[in-house]
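Taken straight from Swiss-Prot:
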DOMAIN    9-353  domain 'Kinesin motor'
BINDING   GLY111, ALA112, THR113, GLY114, ALA115, GLY116, LYS117, THR118  ATP binding site
COILED    368-403  coiled coil
COMPBIAS  411-429  compositional bias 'Polar residues'
COMPBIAS  444-455  compositional bias 'Polar residues'
MOD_RES   SER483  phosphoserine
COMPBIAS  610-619  compositional bias 'Basic and acidic residues'
MOTIF     618-626  motif 'Nuclear localization signal'
MOD_RES   SER633  phosphoserine
MOD_RES   SER656  phosphoserine
MOD_RES   THR668  phosphothreonine
MOD_RES   SER814  phosphoserine
Amino acid sequence: MVMAVEDSVVRVVVRVRPPTPKELESQRRPVIQVVDERMLVFDPEECDGGFPGLKWSGSLSGPKKKGKDLTFVFDRVFSEVATQQDVFQHTTHNILDSFLQGYNCSVFAYGATGAGKTHTMLGREGDPGIMYLTTMELYRRLEACQEEKQFEVLISYLEVYNEQIYDLLEPKGPLTIREDPDKGVVVPGLSFHQPASAQQLLEMLTRGNCSRTQHPTDANATSSRSHAIFQIFVKQQDRVPGLTQALRVAKMSLIDLAGSERASSTHAKGERLREGANINRSLLALINVLNALADAKGRKSHVPYRDSKLTRLLKDSIGGNCRTVMIAAVSPSSLTYEDTYNTLKYADRAKEIRLTLKSNVISLDHHISQYATICQQLQAEVAALREKLQTYEAGAQALQQRSPQPPKLSIPQNLSSSPLQPGHSSQSCAPEFHAKYDAPQEESLGTDSQGQGTVEENAPEQEQPPQDKQFPTQMPEPNLPGSPCPTVQAKQGMNQHSLQRLDAEHSKQLALRVLRLAQRQYSLLQAANLLTPDMISEFETLQQLVLEESMEHGAESPRSPGLARGIPLAQELCSESKSSRYCGPVTRTMAKQLSGLTHTLGIPLAPDCTSDKTSQKPTKEKKRKLNLEEPGSLPAPSVEMKRQRQSFLPCLRRGSLPKIQPSSEPRTPKGERASSPSPSSRVCPATVIKSRVPLGPSALQNCSTPLTLPTRDLNTTFNVSEESPSKPSFPEPIDWEKVSPELNGTDQPFLPSAPVFIFTTKGRKPSLPTTTASKKRRTVRPSVSRGRSCIARLPSSTLKKPDRPFTVPDPPLSLHCLDDHQVIRD
């Protein structure tokens, strides 16, 4: 610790308080006469004769009485008319400069009871004392130097009552005193607080004053029965670090001592008498310390600090490394003649105390070997700050550039990539809502083939970078969707109507996407039995809005063929609902709940909701080829599950089962009801591969598939067909006696005990199953009855697509049908 040594003495000021109403009523002469700002006379002599109003005589003849006409000279004398601000300017205001330079400072008020010590230190509301004024001035100076230095302020407030130390900010039991060789006198358990502002510090000071012990006596109605010590600690350090960095630590103590009192004048008894005795004891120890320090005159001598806890706490404030100011408060009335005389005598004695001041500056200098490391750390910090500054400026500049531009709408890729005519200025482009939902998501739409063909033409262009999808503010008019080679010529004067039309089209597309998402979410929640009444009411409200929109539709969209023809959102949602299928495993509970599942949002099935089948078929095949090239189009791996009683069929991807024309064969009579709904008939190849036979005759155990929910067979691998999905329907059971001769003429055993999914396999030519295949399948049946599947997993590379598939109706069977048809065995 580096300290600047400086010699000083205790600064002593005297304040004479105004007379009280009781002293004025007694009509006693004052015993204090203030001569000037530094000198006063105690108990001046009266003239023997003369006018009654004349108090002093110019004649000094005759012997002097002991204690009469004594002249005292101090650093400052305040008369009865002095204000709190005057006392502050000549006491703590001057030592604040030394306090901020790292010197310890102390200000304490000493005097008899009722002399005005507490009023000088604390003041009252509207007329604050030294403690409040010092705090306000300290924070004002700290804020002035805040740009150059960083400060840390801590405060503590305690009292010494009956020779016991108590915390005023956090009241608890009595505390002890310890002496540390480095820190000096410390009080373990004393709370330290860090105020954020001067106002918060004043609130803490007020709260501590309310906890202080005060009791009225005959000498003073608001007598303080304890010594209060308010301490402020300040740490300051330069904000710009250097090789020679210093830390300054200083402490300021503002002390309000209790007044000495005489039992004969206060008439104290009991507890008040014991309090007065302890106060006088601690003040006597303080007087002995002052006398010892005054007699020492810089020499090392014994100072009785340990005679009282008060003197132990004030060890650093009185005779140690501290700049000290003593305020002696006296009364001008002759009723307190002895107390005033003793106060002036001890104050005059304190002037002889010499102090050795040392600035508490802690050097943080580093060794020369650490200079290189410090320089590297500082350079890294500067680089990090510069990078943050550049990032902040770049973000602010980008935000400023985007703010004046109007919002832009996304257009198809064939429009955004069209060249502009030469001579036309192209405006700045910004990335907006790109056409993220083009070909991959358009597969789920049930629109006509023309719209799907347009989507497929734009699908390869989506692999381009996102920058290619940006477009200028003045957008060219798009060509008709039916144009074979769409080209766009930029028009400099595009009217407002085109922009509004594009905006409306984009909004409608966005609404359609949201409704489809809500429809799928409703289906999944209903399948999992997670729907709540609130959610059902919200979906019903959405359904009502969709129905109202379907009656009021009339807007045309150049991008969507369905919207261009004026098709409402309800019908487009209808087409979407048919292509959405669930591809997860099916449990018994889900099969029962989904057996009666219909289209959500209350959208009925209509003939116009389906697109043309003949035109959709080649389009679907083309999309399938595109999706097979993508890695995401591969079938999901089967998840191993616990074996159940029913047999699981392979999970079919959306659109994997082919669709056929409705069969014209006669249906089962109405009296024979199916046990559960079943999908429509499928396209069947020449070779049929069946799954294992279920044990039970129940439709659910036979894996009867709900409307849109196929099941997953974990034991069989198939190469599914690549035809477009068929329209979900609820066909009635088919009379097996009237099945087409093609099916009845086969030699293969056919088990009508359960609905069987027909899959397309790859073979050399479309031929009927042979006897060898039938035998192979019959050898598998014993293993099925034991619950273990022995069907081999055929690699997809060995299966080939047949040249010409034919249709086989796949109806659901009831228990009645199972009795009529038995399993054919050899």
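Yeah, the Cβs are placed from backbone N, Cα and C, and that goes for glycine too.
What Swiss-Prot annotates, mapped onto the structure for a quick look.
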residue : record           : Cβ contacts under 8 Å, 6 or more apart
GLY111  : ATP binding site : LYS117, LEU257, GLY259, SER260, ALA328, ALA329, VAL330, ASP339, THR343
ALA112  : ATP binding site : GLY259, SER260, GLU261, VAL330, SER331, THR336, ASP339, THR340, ASN342, THR343
THR113  : ATP binding site : THR217, ALA219, ASN220, SER223, ALA258, GLY259, SER260, GLU261, THR266, ASP339
GLY114  : ATP binding site : THR20, ALA219, ASN220, SER223, GLY259, SER331, THR336
ALA115  : ATP binding site : ARG17, GLY259, ALA329, VAL330, SER331, THR336, ASP339, THR340, THR343
GLY116  : ATP binding site : ARG15, ARG17, ALA329, SER331
THR118  : ATP binding site : ALA109, THR222, SER224, ASP256
C-beta crowding around LYS117 (ATP binding site), within 10 angstroms: 26
Extra residues within 8 Å (Cβ to Cβ centroid of GLY111, ALA112, THR113, GLY114, ALA115, GLY116, LYS117, THR118), ATP: ARG17, ALA109, ASN220, GLY259, ALA329, SER331
Reported mean pLDDT - the domain 'Kinesin motor' (9-353): 85
